[in-house]
Amino acid sequence: MLAALRATLRGAGVDSPEADARLMLAAVLGCEAGGLILRAGEAVDPTATARLGAMTARRLQGEPVHRILGRRAFYAHDFAMSAETLEPRADTEALVELCRAPIEAVFAERGACLLADVGTGTGAIAVSLLALYPALRVVAVDLSPGALVTARGNAEAAGVAARFHAVASDYLSAVAAPLDLVVSNPPYIPSGDIAGLSREVRDFDPHLALDGGSDGLDAYRALADQALRVLRRPGHVVLEIGQGQASEVCEIFSRNGLVLAATKDDLAGITRALWFRREASSAEIHAPSGRPDADPAA
């Protein structure tokens, strides 16, 4: 059955017929893809066969395999997806990695850390960081109520829901608590480029999470402006960016007084994440550093 499925996908021009065939067959058999070899030659019941046929038809129509399965692995967890969320992708793991140094610096200085994940989607970034740091607290922000439901479910599945606070907000507009760090994988595709994206992205990822305005930079301008209201001094902003956007995003944040601290490349060697620091100011009077019980929503 695996060979026949692989041949069908390859004949239709699917980019990854081997991997997709294994994932779909494993899903209907209720096993891991790596365990298929142990079930070679095993009869597949009619219900599973029908389910596999339906999944194959969807894949042949261009739907991404992980959309069909309803979940995707990211960092150290599996994340459920919905129509309102982006599919978590490996490139974004660079963003999670770049968050580690500023989070650890905040803990060393203040003993507590409150982070906002803006445009949380599946909650992949927030949940991954909460799992890494047992004392971290996250305000997970999204404009889509459906995305917040999905993210909350993923936080519960990972056992971190007690430190995961969902807020429906347009960027940081509904967030009030002083934040130590803002992290975001915002929409950064220029509006005019959406039509030219691969079918898997264009037709199945929510455009709200893709469209970054005419030049792809609208979200960065909003975040740079709004971060000044909620970010402590010192404070941090860590962002995913599109290919070739580094200099323009750096200029936007520099105009708002945030200094580039570090960058992180993705697996293809493309600059994928930027870390900005808002420096301490002796002239600014602000709240005491430790406020683990602050209400993060207005």
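Using N, Cα and C of the backbone, Cβ positions are placed for all residues, glycine too.
The domain 'Release factor glutamine methyltransferase N-terminal' annotation in TrEMBL covers 2-70. Under the heading domain 'Methyltransferase small', TrEMBL lists 115-188. The annotation S-adenosyl-L-methionine binding site is assigned in TrEMBL to G119, T120, G121, T122, G123, D142, N185. Residues annotated as substrate binding site in TrEMBL: N185, P186, P187, Y188.
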Local confidence of the domain 'Methyltransferase small' (115-188) - pLDDT mean:
97
Distance [Cα-Cα, Å, rounded] between P187 (substrate binding site) and G119 (S-adenosyl-L-methionine binding site):
9
Cβ distance under 8 Å to N185 (S-adenosyl-L-methionine binding site), same chain, sequence separation 6 or more: which residues?
L86, T92, L95, G119, G121, I125, L239, E240
G121 (S-adenosyl-L-methionine binding site): tally of other CB atoms within 10 A of its CB:
29
Quick one: largest C-alpha distance among G119, T120, G121, T122, G123, D142, N185, binding S-adenosyl-L-methionine per the record, in angstrom?
12
Check the binding-site residues G119, G123, P186, P187 for other C-beta atoms within 10 angstroms of each C-beta and report the one with the most.
G123
By DSSP assignment, list the helix, strand and coil residue numbers for the domain 'Release factor glutamine methyltransferase N-terminal' (2-70), in that order.
50 helix, 0 strand, 19 coil
Whole-number answer please: how many Å between the C-alpha atoms of Y188 (substrate binding site) and D142 (S-adenosyl-L-methionine binding site)?
16
Those binding-site residues listed as T120, T122, and which of them has the most Cβ atoms within 10 Å of its own Cβ:
T120
Cα-to-Cα gap, P186 (substrate binding site) vs D142 (S-adenosyl-L-methionine binding site), nearest whole Å:
10
